[in-house]
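**Student:** Sending over a structure as C-alpha cells; questions will come in a sec.
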C-alpha cells in the first residue's frame with residue numbers, strides 16, 4: 001500500500017478509518033473490547049497529520065498536539081472504564097484532546113489478532129521463522145540468544161524456570177501468560193514462552209520456562225512499525241524501569 | 001441562607017458543592033443514580049457565576065458560556081449512558097463544556113426526594129396545602145381549577161378518566177405514573193394524580209383520574225426557584241409543543 | 001378469505017385459532033411475549049360468535065357476554081404479570097370470563113409485526129403510500145394535514161419540536177418512541193415520527209419532530225378492521241381523555 | 001380457642017384469615033413461598049362453612065362445593081407455577097372454584113414451621129415425648145414399633161439401612177430427607193429419621209437408617225386435626241397406593 | 001465384541017477408555033454432567049482386571065481392591081460436589097483409591113441415553129417388545145405381571161393410582177418421574193410408567209398410574225450386564241430395604 | 001507462646017489447628033477463600049512433626065514426607081479450582097499426600113490480614129518503623145536502600161517510575177498492585193509502593209513509583225518465620241529466576 005503523504009493534501013477521517021479497519025478488522029476484536037476500539041474521541045473531519053502511540057498518556061497527547069496531529073492511533077483506549085463523569089486526570093486529558101480537535105482511534109485486540117499485526121511484527125523483530133499461529137500469538141524457530149532478545153526489546157528480561165537452549169519460542173505480545181495458551185505452545189513444540197506480567201500461580205503450573213519482558217516492550221513495536229510503514233510519526237513514551245538483581 | 005453574590009468575590013468549587021449537597025443530600029438519591037449525580041464535568045476551581053437549568057442541552061451550554069458561567073447546576077445529567085467513546089453530539093457538547101472550563105453539577109433523584117426540593121416547589125406553585133408526603137411526591141389540598149393548573153405549568157394538560165372535582169391532588173414531578181404510587185395516593189385520599197409520561201397500561205389500572213402534564217413543566221420550576229433563591233441565573237429551554245385536539 | 005358466518009354453524013375453537021395464527025403468526029412475537037399470546041383463557045370448544053377488542057376491560061367482557069360471544073380476540077393480554085393468586089379486580093374479571101365459558105385469545109407483538117397487521121392497518125387509515133418497513137412500524141408518503149391525522153385517529157395529537165411540512169411520515173403503533181427506531185426513520189427520510197407515550201429524554205435526543213397520539217388511537221383500528229373483515233363485532237372502549245392547552 | 005360454629009352466624013373472611021394467620025404466621029414461611037400462601041383465590045366475603053384439605057384436587061373442590069363450603073383451607077397451593085394463561089386442567093378447576101365463590105386459603109411452610117403445626121401434630125400422632133426442635137421438624141423419644149407407626153400413618157413404610165431399635169426418632173413431615181437435616185438429627189441423638197420422598201444419593205450418605213412414608217401420610221393429619229379443633233370438615237383424598245414386596 | 005481376557009495380557013487404560021466411550025459416548029451426556037463423567041480418578045496405566053458397580057461405596061472399593069482390580073467402572077461419580085478440600089469420608093475413600101492405584105471411570109447420563117445402555121438393558125430384563133424411545137427412557141409392550149416385575153427387579157414396587165392391566169409400559173431407569181416425560185409417555189400410548197423417587201406433586205398431576213421401584217433396582221442391572229458381556233466382575237452393593245405395608 | 005516440641009509427645013490435630021486459627025483467624029479471610037483455607041487434606045489424627053511452606057509443590061511434599069512430617073502448613077492451597085476429577089499432576093500430588101497420611105493446612109488471606117502475619121513479618125524484615133495499616137498491607141518509615149531491599153528479599157527488584165529517595169514505603173505482600181490501595185498509600189504519605197506482579201495499566205495510573213519484587217520473595221518469609229517461632233521446619237522451594245537487563 002502506498003504511503004499517505006500528509007503534506008500534499010488532507011484526507012477525510014473516513015478514508016483513514018477505512019485503511020485502519022483494513023489493517024485491524026474490528027470483527028477480530030475480543031467481545032470485551034466492544035465499544036472500546038475504533039474512533040474513541042471524535043475531533044476534526046479532515047486529517048493531515050497522523051501520529052501513533054501505545055498509550056494515550058498526557059505526554060503523548062501534548063506531543064501530538066505540538067506536532068499538529070489530527071489523528072492519534074493508539075493500541076490502548078484512554079477510556080477503559082465506562083464514564084458517567086469526567087473529572088480528575090480524565091478531565092484534563094479529554095479537555096486537551098477535545099479542545100484541540102484531535103481524533104483518537106484505537107486498535108486493540110483486533111490488532112493483536114490481525115495478520116501482520118502486533119504478534120507478527122514482534123516475530124519479525126525477533127527474527128522467528130517457520131511460525132505457527134496459536135489461539136493468541138504464535139510459535140516460531142528462534143536463532144538468537146537471550147541477550148539478543150533483551151537488546152531487541154529494549155527492556156529487561158526475567159527467565160523463570162530451568163532454561164536450556166531455545167529452539168522453538170512461543171510469543172504472545174502483551175499480557176499473555178495464560179496457562180491454556182502455555183499448554184497449547186507446549187503441544188506445538190515450544191521450549192520457552194515469551195510474554196509479560198507473569199503471575200506466580202501460572203509459573204508454578206508451567207511445563208516450560210517462561211521469559212517475562214514488559215507489556216510496553218512487546219506491544220509498542222507494532223505501533224512504531226505501523227507509523228514507519230505509512231510515513232506517520234510514532235510517539236515513544238516507555239515506562240521508566242530499572243532492575244536491581 | 002444568604003445569597004451568594006457572584007460579583008463580589010469568587011468561591012471555591014468545593015464551597016458551592018457543600019451548599020448544593022446541603023440542599024440535595026447525595027444519600028437521598030436512588031441507587032440507579034450512582035455515579036450520575038454531583039460533579040459530572042470538572043472545570044475551573046474558582047466559581048464566580050452560576051447558572052441552573054433542567055437539561056444540559058446545546059442551547060443551555062451556549063447560553064451559560066455566553067454569560068461567563070463557571071458552574072451549571074442541572075437536574076438531568078448529560079451522561080446518562082456510561083461512555084466508552086466520545087463522538088457525535090456528545091463530542092460537540094463535551095468539547096464546548098471542557099474547552100470553556102464550565103463545571104456541570106447534577107442533582108437528580110436526591111433533589112426529587114429532598115425537603116424543599118422538586119416536589120415541594122411544585123406544590124408551592126400549585127398552592128397545595130395540608131400536604132402529606134408519599135414514597136415519591138405528595139398529596140395536598142387543591143383549591144384551583146384545571147385551567148389554572150394548566151396556566152401555572154405553562155404546558156397543556158391531558159385529563160384521563162372521569163374527572164369530578166379535585167379536593168386532594170397527588171403530584172409527582174417528572175415521570176411518576178407508577179401504579180403502586182397511584183394506589184398509595186388513593187389510600188391517602190387523593191381524587192386525582194398529576195405527573196408526566198402516562199402509559200396506557202397504567203391508565204387502565206388506575207382507580208382515580210390522571211392529569212398528564214409534561215416532564216419539563218413539572219420539574220423545571222425547581223431549578224428556576226433554586227436560581228432565584230441564590231441570585232443565580234436560570235436558563236429556560238422548554239420543548240416546543242403544540243396540541244391538536 | 002371468506003367471512004366466517006357465525007349464524008350458520010359453529011366452528012371448533014381449533015379451526016378459529018388456525019385462522020388467527022395465519023393472520024398473526026406466533027413466531028413473529030417478541031421473546032417477552034412468551035406465554036402471553038394465543039389462547040389465554042380456555043372456555044367452550046365450539047365457537048359461534050366472536051368479538052374483538054384492544055384491552056380485556058370489565059366493560060368489554062360484559063359486552064361480550066351480553067352479546068353471547070364465545071371468543072374474545074384481544075390485542076393486550078389480561079394477565080401480563082404471572083399470577084400465583086387470583087384476587088381483587090383479577091378475581092372479578094376472571095370469574096366472569098370463566099363462568100361464562102368465554103375464550104380469550106391474544107395477538108400482540110406477533111400482530112404488530114405481521115404483514116397486514118397493526119402497523120399496516122394504521123398506514124391504510126392515514127393513507128400512507130410508497131411505504132418502507134422499519135424494524136418496527138414503517139415510513140410512508142403522507143398527503144394529509146395534522147388536523148386530518150387528528151380526526152382520523154379520534155384522539156388529540158401533540159406535536160413536539162419544530163414542525164415544517166410532512167412529506168414522509170414514520171409510524172409505530174403503540175409505544176414506539178424508541179431512539180434507535182427514530183434514527184432508523186431519519187435515515188429512511190422521515191421528517192416526522194408518529195407514535196404514543198413519548199418520554200422527555202427521547203424527545204431531547206430526536207433529530208426530527210415527534211407526533212404523540214395515544215396508544216388506544218393507534219392500535220385499536222387494527223382490532224376494528226379485523227372484526228369488519230370477518231363479520232365479527234368490535235367492542236370499543238376508549239379511554240376518556242380531555243385536553244387543556 | 002372456642003369453636004367457630006358455622007351454623008349460627010357468618011363471619012367475615014377477614015376475621016377467619018386473622019385466626020388462620022395466628023395459627024400459621026405468614027412471616028414463618030420460606031422465601032420460595034412468597035405469593036403462594038394466604039388467600040390464593042378470592043371468593044365470597046361472608047364465610048359460613050369451612051373445609052380443610054391437603055391438596056386442592058378436583059375431587060376435593062367438588063366435595064367442598066357439594067357441602068356449600070365458602071372457604072377451603074389447603075396445605076398446598078393449586079397455583080404453584082405462576083400463570084400467564086388459564087387452560088387445560090387449571091381452567092376447569094379455577095372455573096369451578098370461581099363460579100361457586102369458594103375462597104381458597106393456603107398455609108404451607110408457615111404451617112410446617114408453626115408451633116402446634118404440621119410437625120407437632122405428627123409428633124402427637126406418633127406419641128413422641130421429650131421433643132427437641134430441628135431447623136425443620138423435630139426429634140423425640142419414640143415408644144412404639146414400626147408396625148404401629150405404619151398403622152398410625154395409614155400408609156406403607158420403607159425402612160432403608162440396618163434398623164436396630166428406635167429410641168429417638170427424627171421426623172420431618174413432607175419431603176424432608178435433606179442430608180444437612182439428617183446430620184443435625186444425628187447430632188441430636190436420633191437413631192432413625194422419618195420423612196417422605198427419599199432420594200438414592202441421600203440414602204447413600206446417611207449415617208442413620210431412614211424411614212420413608214408418604215407425603216400425604218405425614219402432612220394430611222395436620223389438616224384433619226385443624227378441622228376437628230374448630231368444628232370444620234376435613235376432606236380426605238389420599239393417593240391410591242399398593243405395595244408389592 | 002470379543003471379551004477382554006484380563007488373564008492373558010494387560011491393556012493400556014487408553015484402550016479400555018476407547019471401548020467404554022464407544023459404549024457410552026461422552027457427547028450423549030447431559031450438560032450438568034460436565035466434568036463428572038469419564039476418568040474421575042486416575043490410577044495405573046496398565047489395566048489387567050476390571051470391576052463394575054453402581055455407586056463407588058467403601059464396600060465396593062474394598063472389594064475391588066481385594067480383587068486386584070485396576071479399573072472400576074461406575075454409574076455414579078464419587079465426586080458429585082466439586083471439592084476444594086478432601087476430608088472426612090471423602091478423604092478415607094479417595095485415600096484407599098489413590099493408594100491402590102485403582103482407576104475410577106464413570107458413565108452416567110451418557111450411559112442412560114446410549115443405545116444398548118441403561119434403559120435398553122432394563123427393557124430387556126422386563127421383556128418389553130415393540131419399544132419406542134422417549135426423550136429419556138422408552139415405551140414398550142409388557143407381557144408380565146406386577147408380581148413378575150417386582151421379582152425381576154429384586155426390590156419392592158409401589159403402585160400409585162388406579163391400576164388396570166398394563167399393555168404398554170413406559171420405563172425410565174433412575175429418578176425419571178418428570179411430568180413432561182409422563183405426558184410424552186401418555187401421548188405414546190403408555191398405560192403405566194415405571195421409575196424411582198416419585199414426588200407427591202408429580203403423582204397429583206399424572207394422567208396414568210405410576211410404578212415406583214428403587215433407583216438401585218432400575219439402574220444396577222446395566223452395570224451387571226456390562227460386566228457379564230466383557231468377562232469383568234460386577235460388585236453388588238444394594239441398599240438394605242424392608243417394607244411394612 | 002512456648003515451642004511445640006515434636007520429639008517429646010504428639011499433639012492431636014485439633015490442638016494444632018486451634019493454635020493456627022489463633023494466629024490466622026479464619027474470619028479474617030476474603031470471601032473468595034471460602035472452602036480454600038483450613039484443613040484442606042485430612043490425614044493422621046496425631047501430629048508429631050510439622051513443616052511449613054509457601055506452595056504445596058511436588059518438591060515440598062516429597063521433602064515433608066522424607067522428614068516424616070504429619071502436617072504441612074502452607075500459604076497457598078493445592079486445590080484452588082474445585083475438583084470433580086483427580087487426574088494428571090493433581091492425582092500424583094494427592095496420591096503422595098493421602099498415601100502418607102500427611103495433613104495439609106492452609107492459611108491464606110486470613111494470614112495476610114492477621115496481626116503478626118504476612119505483611120507484618122515482611123515489614124520486620126525490611127526494618128520498617130512507625131507503621132500504619134492500610135486496607136491490605138501497611139505503610140512504614142524505611143531507612144534502607146534499594147540494594148538492601150533487594151538483598152533482604154533474595155530476589156531481583158524492578159523500579160518503575162522516577163525514584164527519588166524512599167522515606168515512607170508502602171508494602172503489600174503477594175500480588176498487591178491495586179490502584180485503589182496505591183491511592184490509599186499515597187494519601188498516607190507513601191513515596192514508593194512495594195509488591196509483586198505489576199500490570200502495565202496500573203503502572204500508567206500510579207502517582208508514585210512502584211517497586212516490583214516477586215510473589216515468593218514477599219510471602220515466603222512469613223512461613224519461614226512461623227516455622228522458626230514454633231521449632232518446626234520450613235521447606236524452601238523458590239522459583240528459579242534469572243534477569244537479563
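Each residue, glycine too, has its Cβ placed from N, Cα and C.
Note: TrEMBL annotation is automatic and uncurated.
Note that this is a predicted model, so its numbers are computed, not measured.
Positions annotated as divalent metal cation 1 binding site by TrEMBL: E:75, E:76, E:112, E:219. Positions annotated as divalent metal cation 2 binding site by TrEMBL: E:215.
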**Student:** Could you tell me which of the binding-site residues E:75, E:112, E:215 sit with their CB under 8 A from some CB of chain D, listed in sequence order (or 'none')?
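**Tutor:** It is E:215, listed by sequence.
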**Student:** Give the distance between the Cα atoms of residue E:215 (divalent metal cation 2 binding site) and residue E:76 (divalent metal cation 1 binding site), rounded to the nearest whole Å.
**Tutor:** 11
**Student:** What is the total of other Cβ atoms whose distance to the Cβ of residue E:75 (divalent metal cation 1 binding site) is within 10 Å?
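**Tutor:** Step by step: centre on the Cβ of residue E:75 (divalent metal cation 1 binding site), count other Cβ atoms within 10 Å, giving 26.
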**Student:** Count the Cβ atoms, other than its own, that fall within 10 Å of the Cβ of residue E:219 (divalent metal cation 1 binding site), considering every protein chain shown.
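**Tutor:** Summing over all protein chains shown, residue E:219 (divalent metal cation 1 binding site) has 25 other Cβ atoms within 10 Å.
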**Student:** So which one is it: of the binding-site residues E:76, E:215, which has the fewest other Cβ atoms within 10 Å?
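**Tutor:** Minimum Cβ neighbour count within 10 Å, taken over the binding-site residues E:76, E:215, occurs at E:76.
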**Student:** Reduced to three states, what secondary structure does DSSP give residue E:215 (divalent metal cation 2 binding site)?
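**Tutor:** Assignment for residue E:215 (divalent metal cation 2 binding site) reads helix.
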**Student:** Suppose the divalent metal cation 1 site is E:75, E:76, E:112, E:219. Which further residues of the same chain have a Cβ inside 8 angstroms of that site's Cβ centroid?
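**Tutor:** After dropping the recorded site residues, what remains is E:54, E:107, E:108, E:111, E:118, E:173, E:174, E:222, E:223.
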**Student:** Need the DSSP three-state call for residue E:112 (divalent metal cation 1 binding site) to compare against my parser.
**Tutor:** helix
**Student:** Show which residues of the chain containing residue E:112 (divalent metal cation 1 binding site), separated from it by at least 6 in sequence, have their CB under 8 Å from its CB.
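**Tutor:** Within the chain, residue E:112 (divalent metal cation 1 binding site) has Cβ neighbours under 8 Å at E:118, E:119, E:136, E:173, E:174.
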